[in-house]
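Engineer: According to TrEMBL, the coiled coil annotation covers 44-100. Taken from TrEMBL, the feature domain 'Aminoacyl-transfer RNA synthetases class-II family profile' applies to 182-412. If you look up TrEMBL, you'll see 230, 231, 232, 261, 284, 385, 387 marked as L-serine binding site. Feature annotation from TrEMBL assigns ATP binding site to 261, 262, 263, 277, 278, 279, 280, 352, 353, 354, 355. Taken from TrEMBL, the feature site 'Important for serine binding' covers 387.
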């Protein structure tokens, strides 16, 4: 959520930002509702003060004068009740409108209308030259019996998969490696978070503001709980309604969780395999930062992501998302797209495996997370998130980049110690 004071003082800037995001929203109407809300708040406060003052006077009166004042007090109370209903209605409308306003993009975010306008920042790693036509991960995993989507479809429907044998060992090797590296070098605190969160918490994170966003989530109607689409959604609110001391920043958490997504907007895309599924596991970084340090923290998270991919020796590129491709809470996002040599009929293709976003104070304001400065003043913090490993997509990258001509797959050296010294997957 943005600061309403900033919106009031900078309506043209807000309008331009919304236009660049492709968002159709009436800023003037929001400002009008806000004005009415503030006037009504004053009216309620003045009426309540008058009622309280009259109540104090009544306590000192007797007889007919007291009777008259009691009648006045009753009328004021009735008026106050009516005004409070009107204020509540204005507050609800104000909140509804404020939740429709996305975060403001940072100044250096590329301008663009869709993913085709995203900007490649750099490419890293040397693409392997194969002495044979690279196979895609589905062919590899089927032969090695490590991923089974056919039986998963029988049990759960489309966009599900069983991980088996060495794929399971690889998953937990990736989790252990990520936790060890991020904890040792950057001080991230390992977390296993809930995978179910309250309706108001998901709204606070900014991921159910639109109909399209809500359709992407799994919601348990009876319990009013959402299944998380990433650990960020349950780690981010961990400090909701808290004031944290300035000396405690930055606060860095890294969580492992199962994630759930409907993929409602992905009809016809990647319908086979485990690249785009309803359920997957993920290691996710979440950082709570002082506002003045959030850009630096964002760069650090991207650096950490690149180190993890580099350790696996998988070629990749870093992409800055354009304004229109940003999510509702994001002010700036970088993706890492890993090279998958078996895609595109063996010609290879970059596919997104990582993402990191700076949401500035957008989520913190909704969740009411503040820092207490050394001088005693408080302000909203900045929050950031980033993928350490999306397990399924990282497995795909390993299978395709480390495949051998005989159908076996070598295990990245950095993961071998987490797999009991196993160096190759073969049948």
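Cβ coordinates come from backbone N, Cα and C, glycine included.
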Engineer: Find the longest CA to CA distance in the recorded L-serine-binding set 230, 231, 232, 261, 284, 385, 387; express it in Å as a whole number.
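Structural biologist: Across 230, 231, 232, 261, 284, 385, 387, the widest Cα separation comes out at 18 Å.
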Engineer: Grab the pLDDT values for the coiled coil (44-100) and give me their mean, rounded.
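Structural biologist: Here the mean pLDDT over the coiled coil (44-100) amounts to 92.
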Engineer: Say you check the Cα of residue 230 (L-serine binding site) against those of the binding-site residues 263, 278, 280, 353, 355; which is nearest?
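Structural biologist: Smallest Cα separation from residue 230 (L-serine binding site) among 263, 278, 280, 353, 355: 280.
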Engineer: Relative to the Cα of residue 232 (L-serine binding site), which of the binding-site residues 263, 278, 280, 353, 355 has the closest Cα?
Structural biologist: 355
Engineer: So how far apart do the ATP binders 261, 262, 263, 277, 278, 279, 280, 352, 353, 354, 355 get, largest Cα to Cα in Å?
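Structural biologist: Overall maximum Cα spacing for these binding residues reaches 19 Å.
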Engineer: Among the binding-site residues 278, 280, 353, 355, which ones place their C-alpha within 10 angstroms of the C-alpha of residue 261 (L-serine binding site)?
Structural biologist: 278, 280
Engineer: Once 230, 231, 232, 261, 284, 385, 387 are set aside, which residues in the chain still have Cβ within 8 Å of the Cβ centroid of the L-serine site?
Structural biologist: 228, 229, 233, 255, 257, 259, 282, 286
Engineer: Give the three-state DSSP assignment (helix, strand or coil) for residue 232 (L-serine binding site).
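Structural biologist: Its secondary structure by DSSP: helix.
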